[in-house]
Every structure is written in C-alpha cells, then in structure tokens.
Amino acid sequence: MSTAGEAGARPAKAGRLHRTSIGALALTGASALRLILQFAMLPILARLIGPAEYGLVSLAMPFILLANVLSDGGMGYALGRQKDASPLLESTVFWLAGALGLALALFCCAAAFPMGLILHQPRLPVLIMALSPILLLNSLTAVSNGRIIREGRFAVFAAGDVISTGAGAAAAFAAALHGWGAWSLVAQQLVLWVCKMAWVTFKGGAAIGFRYRFEEARGLLRFGFSTIGAILADFVSRNVDSLIVGGVLGATSLGYYAMAYQIVRVPDMLISGPLYLYIFTAVSRTAHEGGKAAIQRLATAGLRLGSSALAPLFCGLALIADLAVSLVLGPKWLGAIVPLRYLAGAGFCFCMCSIMATTLMGLGRSALQLRMSLILGAVTVVVVAVAVRFGLGPVSGALAGGMALVCGYYIHQLAGDLKMPRLSLLASFAPAALGCAAMAGVVLLARRVLQNAPPVAELALMVGLGGAAYLAVLWAVARHRLLADARAFAHAQADKPSAETTAETAELTEMAAGAA
C-alpha cells in the first residue's frame, strides 16, 4: 500500500514542480515586460512631472510601503505554507487582515500631518492620505495570495503584474498629460493596486464567509510576525535613506536621488527572480543530500556567476551616467548624474548581499540572515544620516562605501558558516573585476576620442565597445570556470526536490515577486 501511495504521489509532486517552475519563469517574463513598460514610461513621466514633484511622492511612498509590509500580518506567506486551509481559517484570516489593513490606513492618515510638519512639506499629508487605501487593498488579498502560493500557480501573479502595471502606467500617463504633477504618480499606484487586488481575488477563488475565530489564526500570526521581522529589516535598508535625504535636502534633491536609485534597481529586479530562485533551490537540495564540499562549491559558483552577470551592468551605468541621463531623462534631471554614478556601486553590493542571503536561506540559516539584514539596515541609516548634510553626491558615495563594507562582512560570515577560506569566496569576484577594468579602460579611452560625436551615437558606441571588452576578457580568463559553475548548478537542480524544499521555494518565489 505504501509503495502504491508513493508511486501515486510522484506524478503529483512532479506536476507541482513543473507548475512551480513554469510559474517562476512566467514571473521572470512578467518582470521583464513590466520593467520594459516602466522604462518606456520613465523618461516620459520624468519630463512631464519634474524632480520636485517626483521627489514629493518618493517622500510619501516609504510611509505607505512600511505600513504595507504589516498590512496582512504576514499571514499570506503563512497560509501559503499550509498543506490545507479550512473555510473557517480563510474567513478568519480575511477579516483579521482586512481589519489590520484598515487600522493601518487610518493610522497613516492620522500621522500624515505630523510627518508633514516634521519634514517641512505642507503638501505631503494629503498625498499620504490619498495613498493610504493601498494598505486596505493589499490586506484583502492575503487569503487569495496564500491559496495561489500553496497551489504553486505563480503564473497568476505574473499575469496580475502585467495587467496592473499596464493599467497604472496608462493612468499615470493620462494624468501627467493633464498637468496633475505628483498626483499622476498617486493615480498610478491606486489604479495598480485596485487591478492587482481584483485579479488576485478573482483567480484565488477563496470562499469567504461571515465567520471569525481568532484561535484558528493564532499559529499563522506567530509565523507571519517572524517573516515580517526579516522583511522589515530589508525594507529599512532599502527605503529609510529616502526619508533622510528628503527630510534634510528637500523634495527636489530627493527626486534626483530616488530616480537614480530606481534606475540602479532595474538589473536586480530583472535578474533576481530566476537567479535567486535557482541558487536557493540548488543550495537547499545540496544541503539535504550533498556534503560540505559540494555546498562550498555552489556558494562560490553562485557569487562568481552572479557577479559576472551583474557587474558589467552597474559598471557600464556608472561610466555612461551623464549620457544616459541627459538623453533619456532630459536636462531637468542633470542633478541625478552624480548620485547615479555612486549608487551604481551600491546597487551591485545590494545584489551580491542578496545572493549571499539566498544562499544562507537555502542552508536554513534564517537566524543568521535576519541578523545580517539588521546590520545592513543599521549601516544604511547611520551612513546616510551622517553624510547627508554634506550634499547629494557625498551621501551617495558614502552609501556605496557602506554597502561595500557590509558586502565584505557578508563574505566573512558566509565563509565562516561554510567553514571555508575567506579568500576563496573573495576570489570568485576576480573575473568580474578584470572584465570591469577592461570595460572602464576601453570606454574612457573611446569617450576621449569620440567626444565630438553626436550624443546618441556616442551612447550606442560606448555600450557596444564596453560590452565587447568585458565579454572578451571573461571569455579569455574565465569561460571554463563559468561553464563549470553553471554545470554544478544544473547538476544540483537535477535531483527531485523534497516537499519541504518545494514549499520553501514557493515562499521565496512569492517574496521575490512582492519585493519586485
């Protein structure tokens, strides 16, 4: 009987794995489509709205995003890990999350005017109040999100991302053409979240009744609050700098800073889905079935592959920031050039920290990862708070330096946890470093030679020459090593995952989608 049961379970597990894999690929494709749409809209909205209006909304959004992390109590992720959920449990979670989201929306409205006074921005309170319904909209999707995660139907999230992003972009464009200014971005967010809630609720298929029993959700809340702790730490590291910059330097400077930060996040948002998921599943499977040496090889290979893929994007962005900003965003955004150059370095370090964090999570070291997230957030707050008084360029450079130090500490901790030499992990950055050195030399020399060329032609040539130089060096010095790294991950992915690993993979995929 047990043999027959196991044989019957294998097709179900294989089907779930196939559905999860297809959904993860769909999420990656949806992220690419969303980013293409956002990148197409970015120069249009930037020219229509301007740095001051953009900065004002960037000052309001962190308050909403912070509350949004708390709005469902982490119960969406908790439901996603359940083998099954009764109608009573789903109804309880729906009403509990909805009440929490409504309470947070009202709290944001009450706190809006004090925050406007503290930050000396009289228009800020109305914007915060207008954005507060997002908290209720997000909280009402907790049950449907949990169902979709549990069933591995990540293609639903992918379709919802495309639909909501398209509708939000259309609303922002129409509003900006009519001179709405900052309210164009508010309209974009509200339309995006209404569409997302409607789609997820429709596809989730949850049957909500007028029933409530708190005891049913007590265990979910405990898990949810633990999840929220890690997400909050990550949120602080990625958003509190905007509050400090806006509060000290004003909305216009924050507009430059926020635009630069949004641009450097694009490579991470585009590649993070497939790369982080691939690393997580490979490491978790190897941790269950392989030895210490195999895990060490995967950790080194993940850093080498990740740095080789991401380094040319950030290095190239720093080298041609002046051309890209002036051509794409227009003359009103020239103040974003200096922060963009520095924040490109910070963006690369953020990505490397995320890869190492994914490795730690794959190893089951969630406590260590939470501690590292707290350190990352604390360094961000301290560095930005100290350097912001010196101006936009210095604070961006200081943040890049601080993130480099945190990245080095991540390497130290990961190597210690894996019981391997620190230099072995550090050496995995060598191919990317050599390639970036070649790219920088070629681009800087070519820019001196072609300084009188038309800007569009110069930008295209710099991208082509820099990319060719980087790939040539990588081919010459590391092609065999990189191919071996890819084969190591392919071998780790070949084995069928356990049910526990599949559940963890599903949770990580949804967290990555929500973060993006």
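Counting begins at 1 with the first residue displayed.
Note: Cβ is positioned from N, Cα and C throughout, glycine not excepted.
As annotated by TrEMBL, transmembrane segment applies to 21-46 (among others).
The transmembrane segment annotation in TrEMBL covers 52-71 (among others). Outside the transmembrane segment (52-71), and at least 6 residues removed from its termini, the chain residues within Cβ reach (under 8 Å) are 45-46, 97, 100-101, 104-105, 107-108, 111-112, 115, 119, 121, 123-124, 127-128, 131-132, 134-136, 138-139, 181-182, 185-186, 189, 228, 231-232, 235, 239-240, 242-243, 246-247, 250-259.
Taken from TrEMBL, the feature transmembrane segment covers 92-118 (among others).
Summarising the annotation, TrEMBL assigns transmembrane segment to 124-143 (among others).
For 155-178 (among others), the entry in TrEMBL reads transmembrane segment.
Per TrEMBL, transmembrane segment is recorded for 219-237 (among others).
Tertiary proximity for the transmembrane segment (243-264) is limited to same-chain residues at least six positions away from its ends with a CB under 8 Å from its CB atoms, namely 42, 46, 50-56, 58-59, 62, 118-119, 121, 314, 317, 329, 333, 335-336, 339-340, 343-344, 346-347, 381, 384-385, 388-389, 391-392, 395-396. The transmembrane segment annotation in TrEMBL covers 243-264 (among others).
Outside the transmembrane segment (309-330) by six or more residues, the chain places 42-43, 46-47, 259, 263-264, 267-268, 271, 275, 336-337, 340-342, 344-345, 347-348, 351-352, 432-433, 435-436, 439-440, 443-444, 455-456, 458-459, 462-463, 466-467, 470 with a CB less than 8 A from a CB of the stretch. The annotation transmembrane segment is assigned in TrEMBL to 309-330 (among others).
Sequence-remote contacts of a segment are chain residues at least 6 beyond its ends whose Cβ falls under 8 Å from one of its Cβ atoms, and for the transmembrane segment (342-363) they are 238, 257, 260-261, 264-265, 267-268, 271-272, 275-276, 279-284, 287, 295, 298-299, 302-303, 306-307, 310-311, 314-315, 317-318, 321, 369, 372-373, 376, 393, 396-397, 399-400, 402-404, 406-407, 410-411, 414, 417, 504, 508. Among the features that TrEMBL reports, transmembrane segment is placed at 342-363 (among others).
Residues annotated as transmembrane segment in TrEMBL: 394-411 (among others).
Sequence annotations record features per position, and here TrEMBL assigns transmembrane segment to 423-447 (among others).
Note on the transmembrane segment (459-478): residues 304, 308, 312, 315-316, 319-320, 323-324, 327, 430-431, 434-439, 441-443, 446-447, 450, 453 of its chain, located 6 or more positions outside it, place their CB under 8 angstroms from a CB of the stretch. Feature annotation from TrEMBL assigns transmembrane segment to 459-478 (among others).
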Chain residues outside the transmembrane segment (124-143) and at least six past its termini with a C-beta under 8 angstroms from it: 56-57, 59-61, 63-64, 67-68, 71-73, 75-76, 79, 90, 93-94, 97-98, 100-102, 104-106, 108-109, 111-113, 115-116, 182-183, 186, 189-190, 193-194, 196-197, 200-201, 204, 206, 208
